[in-house]
């Protein structure tokens, strides 16, 4: 009898515990719903991701890089409004600058010189794929009010989160080296060799610090400055396009007919390089942060839906303009340099006296060009004006992409590491991480021999692509994060296929590069690194497949997230369980 009484008392105690837990859960839900803003990030019914509560009270709200937000007109009733589109215009154009950085320009000119117009359809397809991926990034930022690095910080445990940050930081460093070196080459060309490469790097670092604080005078002024740099690029490369007068019929055939007649391994590697140069991992992180610069009421589902629509239209226009500029570069080098040999260029440039000594070897091998050699040869064929205008375009491309790369580094570091440093300290740290290896390269490398370094940096960035593409597909497919704006079945399948194809293409590019090294030691090192790399990619892919609805693989991913010390998934908290 006593045992039965003890059992009844135990059941009563357990029932009281369950009631207390349910009550605490309801109180927590009430707090979250009643508090629309916490630590600078909003939480509401359309965003199930919540920022952490800081254990230390902050005297003033932490301000990120966009301290003011652009207001959206609310008195417009029609389905499409140019006023609203103008208010949303800005983030997409800053994002599109990554499609115009010196690494992309060099990929374009090599594509034209090696394959003529035959790979333009690859460039078009890569740009369209990039647009679809940028759409996912923008939607994540709009719906959750947080960028991709912040969401990764809340969804992955400590070790994967730190590994992700390191990988993305490597991609930013690789891109930044191309951009800063591009600026230094442009300054070298404009000064007729008087400004050495290392001095050009120092100048670029200095003016980047100055330009980065333009948003102190207003976000729209900063965006206008980027718009000015894009205009300079369009006019510079457009001038080269008009002077070169490419064959329009061949250009259109190369753009819309997916075929490459007479192409071999050289053209195949170049096609893979185009995809790797266009789709850049850190740009996904950047775009998801830039869309936070507009004043959107995320409690209002219609406003969120409208913001997604206008951001997609703006990104489409911005990437169309960047595609045209890339086509200008490909067409110029396809018309002027395709099929030319080193002897052809030596003979042509010797007539003008512009060719530096030993720039091209004296043989009949196919001409190999880069940003520096391309500018020299343009001057030889089309006159000195073409050389200087080319250098101005490269300078605008390098300067604008260096600035957006710095923003990417700051967003990534802030999101992954949850930094709460002063603005200047964050800029200084992110620039130091990226600039130090660049300065070393500039000191010990000759401006005439940078093609090998550019190929290595393209491989480095290609390897980092899965660490942006897999997380963005994972989180935009999770109802617990995106609610009504989560990816549908069509987007899940198409997104998964696109990411698989892009990653496979870039892995092929990496394998081709490594096999060309002809070193057993490097092969062994590459094999060991590849094993660790594939294990980490597999871990991310596992989480992604679970998010896409492959329930048979869900044997621990949700449990692991729920064990995290900071539970940011509010699925269970927003759902009344019996």
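Note: Cβ is positioned from N, Cα and C throughout, glycine not excepted.
Note that the coordinates shown come from a computational prediction; the quantities given were computed from them, not determined experimentally.
Feature annotation from TrEMBL assigns compositional bias 'Acidic residues' to 1-11.
The region 'Disordered' annotation in TrEMBL covers 1-58.
Residues or ranges marked as compositional bias 'Basic and acidic residues' in TrEMBL: 20-36.
The compositional bias 'Polar residues' annotation in TrEMBL covers 37-46.
Per TrEMBL, transmembrane segment is recorded for 120-142 (among others).
Residues or ranges marked as transmembrane segment by TrEMBL: 195-214 (among others).
Per TrEMBL, the feature transmembrane segment maps to 226-244 (among others).
If you look up TrEMBL, you'll see 311-334 (among others) marked as transmembrane segment.
What TrEMBL lists as transmembrane segment is 376-397 (among others).
If you look up TrEMBL, you'll see 424-444 (among others) marked as transmembrane segment.
Annotation source TrEMBL lists transmembrane segment at 456-478 (among others).
The transmembrane segment annotation in TrEMBL covers 490-514 (among others).
If you look up TrEMBL, you'll see 520-553 (among others) marked as transmembrane segment. Same-chain residues lying 6 or more positions outside the transmembrane segment (520-553) and placing a CB less than 8 Å from one of its CB atoms are 160, 163, 463, 466-467, 470-471, 473-475, 477-478, 492, 496, 503, 514.
Counting same-chain residues at least six beyond the ends of the transmembrane segment (376-397), those with a Cβ under 8 angstroms from any Cβ of the stretch are 97, 100-102, 105, 179, 182-183, 185-187, 189-190, 229-230, 232-233, 236-237, 239-240, 243-244, 332, 336-337, 345, 348-349, 351-352, 354-356, 359, 367, 369. Looking at which of 120-142, 195-214, 456-478 has the most CB pairs under 8 Å to the transmembrane segment (311-334), the answer is the stretch 120-142. Long-range Cβ contacts of the transmembrane segment (456-478) within its own chain (Cβ-Cβ under 8 Å, at least 6 residues beyond either end) map to 103, 107, 133, 136-137, 139-140, 148, 151-152, 155, 164, 167-168, 170-171, 174-175, 177-178, 273, 276-277, 279-285, 288, 486-487, 491-492, 495-496, 499, 502-503, 506-507, 509-510, 513, 533, 537, 540-541, 543-544, 547-549.
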